[in-house]
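Colleague: Sending over a structure as structure tokens; questions will come in a sec.
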């Protein structure tokens with residue numbers, strides 16, 4: 001038997017070993033330098049460098065001076081050992097104690113080495129200016145900058161001709177909307193944009209305009225103000241995730257290619273207080289804002305997720321809910337302190353809805369809660385559910401509170417669905433319980449519910465430990481929509 005048969009790893013070429021080491025953090029890869037002389041500097045030649053010194057286990061413990069010096073020396077040494085070798089990916093995560101005078105040379109070094117994937121997660125305690133050369137790289141394909149309380153950027157000339165993915169967390173644009181517009185115009189092939197904790201509520205107007213963009217994620221920082229004007233001119237975006245205070249107006253909302261969207265628009269505390277006052281004084285609730293134009297711009301979406309804040313906003317800040325002709329999959333998030341007032345009109349506006357998902361069923365009972373639930377006990381009243389095209393109904397977080405009264409409310413709501421949704425073919429309940437008998441009991445109770453649902457309606461009750469499936473008995477199926 002030759003030596004290579006005995007030691008397969010050591011017989012591999014250096015470039016292949018470097019690829020293997022790239023799957024480890026640089027700190028872990030450095031441990032292989034103890035194996036032999038051949039391995040001594042091999043870890044520094046890997047194309048992907050990952051430096052992580054964040055105190056993830058005990059974030060309250062500050063980095064000691066000795067550790068800081070050791071980390072800085074380690075990064076300096078690795079970059080020096082690489083010489084002029086190309087860097088494919090550079091990821092840096094460091095907390096308090098690592099100053100910008102240490103970080104900036106590392107960033108500039110990687111840019112000189114043609115880095116294509118740059119990820120920076122630096123100290124949240126420092127308010128620092130990011131080197132302008134980061135936004136003038138001809139090699140960057142992916143750029144990620146964070147975390148919360150991230151850097152300030154003053155953009156003069158943006159030139160990122162190859163950048164396809166951009167993720168910014170808490171980055172402050174010194175020139176506001178002008179700087180943001182410069183950034184977008186300097187990324188001619190950008191396909192994916194993610195902006196987290198963006199504070200744009202002080203801008204005169206907020207606009208995202210790109211003909212190339214395909215995925216857009218926008219989470220705006222919580223604020224006591226409403227954006228004055230928000231526009232989206234993104235005709236090729238297929239995925240849109242948006243969380244923000246409702247804007248005063250939406251002059252342009254262009255999502256011609258939209259397939260999937262997640263919307264989390266909310267009112268400010270002042271708007272909520274005004275809405276409660278109007279509700280107490282008048283029988284009819286007056287609008288305190290208007291989200292109609294935003295909804296009109298996304299009404300061709302196929303898959304939609306609405307947060308509980310959005311449900312409240314649609315009730316108080318939307319004059320008309322447009323028709324969602326293409327919508328086939330809708331997810332609704334519920335909150336025990338917020339009602340379902342906007343839900344009936346929303347469901348009536350989804351003529352081709354096939355799958356309806358409730359992320360929790362507990363909600364606030366009000367005298368305008370609508371005809372979707374049983375809050376007012378109107379058992380014989382006409383319900384929008386009676387004309388629902390939904391074939392698949394999913395209930396998430398069932399039994400989450402582990403409270404008997406809440407469980408009874410949830411069960412009554414599910415029974416209401418079965419009794420009124422004529423096209424239902426599948427009911428799936430995700431039960432938050434580790435006790436198998438709980439699932440058996442719920443499944444048995446649902447088998448006794450008179451229903452207008454399809455004769456072949458299948459009921460599934462699922463937990464982490466067990467999955468029960470059954471079909472409604474023919475004797476309990478209501479003919480011609482007659483309610484027992």
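Every residue number used here counts from 1 along the chain in the order it is shown.
Placed from the backbone N, Cα and C atoms, the Cβ positions cover glycine too.
Here Swiss-Prot flags 6-54 as domain 'F-box', drawing on sequence analysis. Look at Swiss-Prot and you will find 144-170 tagged as repeat 'LRR 1'. Per Swiss-Prot, repeat 'LRR 2' is recorded for 172-197. Residues or ranges marked as repeat 'LRR 3' by Swiss-Prot: 205-234. Residues annotated as repeat 'LRR 4' in Swiss-Prot: 303-334. What Swiss-Prot records for 335-360 is repeat 'LRR 5'.
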Colleague: Using a threshold of three or more Cβ pairs below 8 Å, and leaving out pairs closer than 6 in sequence, do the repeat 'LRR 4' (303-334) and the repeat 'LRR 3' (205-234) count as in contact?
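Modeller: They are not in contact.
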Colleague: Residue counts in helix (H, G, I), strand (E, B) and coil for the repeat 'LRR 4' (303-334), per DSSP?
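Modeller: DSSP classes over the repeat 'LRR 4' (303-334) add up to 9 helix, 9 strand, 14 coil.
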Colleague: With helix taken as DSSP H, G or I, strand as E or B and everything else coil, how many residues of the repeat 'LRR 1' (144-170) land in each class?
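Modeller: Secondary-structure breakdown of the repeat 'LRR 1' (144-170): 0 helix, 10 strand, 17 coil.
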Colleague: Could you give the number of helix, strand and coil residues in the repeat 'LRR 3' (205-234) as assigned by DSSP?
Modeller: 0 helix, 14 strand, 16 coil
Colleague: Find the average pLDDT over the repeat 'LRR 4' (303-334) in the predicted model and report it.
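Modeller: Across the residues of the repeat 'LRR 4' (303-334) the model's pLDDT averages 94 on the 0 to 100 scale.
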